[in-house]
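A quick write-up on the structure given underneath.
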Amino acid sequence: MFVRNATGLVRELSAFDAFNLVFSAVLIPIGITEVMSFTPQFWPHANMLVSFLLATPLVAACGLVYLYFTVIMPRSGGDYVWVSRTLNPFLGFFANLSLTFVFLTWISFNFTYMLSTVLPSVAYVAGWNAGWVTTPDKTELLVISTILTAIFTLVMVLGVRLVARYMFVAFVIVWVGIIAWLIDMAVSGSGHFTSSFNAHSGGTVSGVIATANHAGFSAAGGIGWGATLFGMIYCFQVYTGFQWTGYFAGEIRNVRRTATTSILGALLISAIGYVLATALIYKYYGFNFFGSAVFNAFSGSGKWTLGFQPYLPALVNFLPGPQWLLVFMSMCFLLAIVWWTPTGFMMGTRNMFAWSFDRLAPERLTQVSDRFHTPVLATVVIGVIVEILNYFNIYQGLGSYLLNALVVMGVAFIIVSLAAAVVPWRRPGMHAQAPGWAKVSLAGVPVITVVAVISAISWGFVIYVALHTGISSVGWKPMIEAFSVPAAGIVYYIGVRLVRRAQGMQLSQAFAEIPPE
C-alpha cells in the first residue's frame, strides 16, 4: 500500500529550518496587528497583555499534544496520520481536511490583508500615493494575489532547500525590523507619541479619545476580567502554527529531538514576543488612545477622519527615528506575510501527500520529482486551490467568516486532543515510545491524557466564545459556508471508501499500519 521508500522525499530540514517554519506560522507582526485592531471593538476593557499571559499555558497544552504525536509518529501528514491510526480513520481525515482548509484559507486571507490593509499603511509611512498601493480595487487585489500564488507555487516546486534558504533570509530581514520597532517603543515615552501624533496626523490624541467617548466608547474602570478572558480567543488564533512540525516531520533531520526544540522553542519565543509587543504598545500609544482609535475607525461609527487607518504599521510613523528606519520597520509587517507563506503551502502539500498514500486521493499526488525532491503535482494542486480561495476571499467575502473558520479549527483540535488522550490505552506500544514526561502518571492517569483533556476543553471554550459573543457571523448560512469543505470531505471520504472497495482495495489495511518514514 505504501510507496514512501521510493518517493524521493529526503530529510533536508535542519533544526533551525523546522523552527523557522513553525515560528513563521505564528506570524507575530500580523498577529499582533489583528489582535490590537479587533479586540477593542468588542471588549473595550479587555487587557490583551493579561489575555496572552492566561492563554499561553492553555495553548501549550495543545502544543504538547502535537509534540507527543510527532515524537511517537514522525510522519508527513501530521494529525491525519496520528488520528487515523489511533482513534478513527474517518475522524483523522475530517480533522486534517478541516485544518488544511483553514490554513490554506489563511494564505489567501493574508494576501488580501497584506494588500488591502498593510500595504496602504506602509504607503502612508513612506509617502507613496499610487492608487493600487493606497486603495487597491478588487481586480488589482486578484491580479497581485494571483502573481504571488504563482511565485510561491514555483518556489515550493523547486525544492525544500530553496524554501529553507528563502525563509532564512526573510526571517533575518523581518526580525531586524520588528526588533528595531520593539526597541523604539521601549526607549520612547508616550509624551513623544502625543507630540508627534498631534503635529503630524491631522488630529490630536485628546480629540481621538473625546470623539470615541462621545460615541459611546469607554475603556475606563480598569481590567474587565470577563472581556479579558473572552479576548483569549484571538490569542488562540494567532498562536496557532507553532505546533506544525508534525506536518512535514518526514523531511526533518533528527526529527524526534528537533520536534521538541522547534515546537516548544517557537511557543516560548512567540509568547515573549506577543506579551512584550502588547506591553510596549500600551506603554507607548496608551491603552485608552489605542482602544479609542480602533473604535472610531472600525466600529462603524464613522468617526475616524484622518488620512490613515490606525493599524500598527501605520502608527509606526509616530515613532522617533529617521524616516528610512520608520519605513523599513513598517515594511517588515508586510514582509512577514511572504515570510510565512511557504509554511502554509508545505502544510497543504504534505497533508495531501499523506492522503494519497492511503489512497484517499489519486496516487499521482505521491509522485516526487527526482530532481527537486518535491511532490510537484500536489504542490500545483495546492496552488490552484489557493487561487480559488483568492477569488472567494476577494469577491465573495470569505475573510468575513474568519472566526467561523476558527470554530472549524477548534473542532479539529478537539478531535486530535481526544486521540492523544486515549493513545496509552488504544496503542500502548506507541505510547511506550513517548517522551518521559508524557508517560508519567498522576493518580494512575498518564500526563499526556491530562494535558490532552485540558487542550480539548480549552478549544471548547474558544468555540463557545466564537459562537456566543457577537464577534463572528453566527447563523445557519455563515456556519454552513464555514463547514462546507469539511462537510464535503465527509461525502468524499465515504465515496472513496466505496470506490476502493469496488476496486478490491481494503483501505482498512492501510490504516492498520503506520506509514514508513
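Glycine too: its Cβ is placed from the backbone N, Cα and C atoms.
Caution: TrEMBL annotation is automatic and unverified by curators.
According to TrEMBL, the protein has these features:
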- 21-43: transmembrane segment (TRANSMEM)
- 49-69: transmembrane segment (TRANSMEM)
- 90-109: transmembrane segment (TRANSMEM)
- 141-159: transmembrane segment (TRANSMEM)
- 166-183: transmembrane segment (TRANSMEM)
- 223-242: transmembrane segment (TRANSMEM)
- 263-285: transmembrane segment (TRANSMEM)
- 324-342: transmembrane segment (TRANSMEM)
- 374-395: transmembrane segment (TRANSMEM)
- 401-423: transmembrane segment (TRANSMEM)
- 444-467: transmembrane segment (TRANSMEM)
- 479-499: transmembrane segment (TRANSMEM)
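Across the candidate stretches 141-159, 401-423, 479-499, the maximum count of CB pairs under 8 A to the transmembrane segment (223-242) is reached by 401-423. Between the transmembrane segment (90-109) and the listed ranges 141-159, 374-395, 444-467, the one holding the most Cβ pairs under 8 Å is 374-395.
Ranking 166-183, 263-285, 374-395, 401-423, 444-467 by CB pairs under 8 A with the transmembrane segment (141-159) puts 374-395 at the top.
As a quick check, the transmembrane segment (263-285) and the transmembrane segment (49-69) clear the bar of 3 or more Cβ pairs under 8 A, pairs 6 or more apart, so the two touch. Under 8 Å from some Cβ of the transmembrane segment (166-183) lie the Cβ atoms of residues 16-17, 20-21, 23-24, 28-29, 155, 276-277, 280, 316, 319, 325, 328-329, 331-333, 335-336, 338-339, 342-343, all in the same chain and six or more residues away from its ends. 401-423 is the stretch from 21-43, 324-342, 374-395, 401-423 with the greatest number of Cβ pairs below 8 Å to the transmembrane segment (49-69). By the count of Cβ pairs under 8 Å, the stretch nearest in packing to the transmembrane segment (401-423) among 21-43, 374-395, 444-467 is 444-467. Outside the transmembrane segment (444-467) by six or more residues, the chain places 58-59, 61-62, 64-65, 68, 230, 232-233, 236, 403-404, 406-407, 410-411, 413-414, 417-418, 420-424, 431, 434, 437-438, 474 with a CB less than 8 A from a CB of the stretch. Packing against the transmembrane segment (21-43) from elsewhere in the chain are residues 13, 51, 110, 113, 118, 167, 170-171, 174, 178, 217, 219, 224, 227-228, 230-231, 234-235, 237-245, 248, 262-263, 265-266, 269-270, 273-274, 277-278, 281, 290-291, 294-295, 298-299, 310-313, 332-333, 336-337, 339-340, 342-344, 346, 469-471: each is 6 or more residues past its ends and has a CB under 8 Å from a CB in it.
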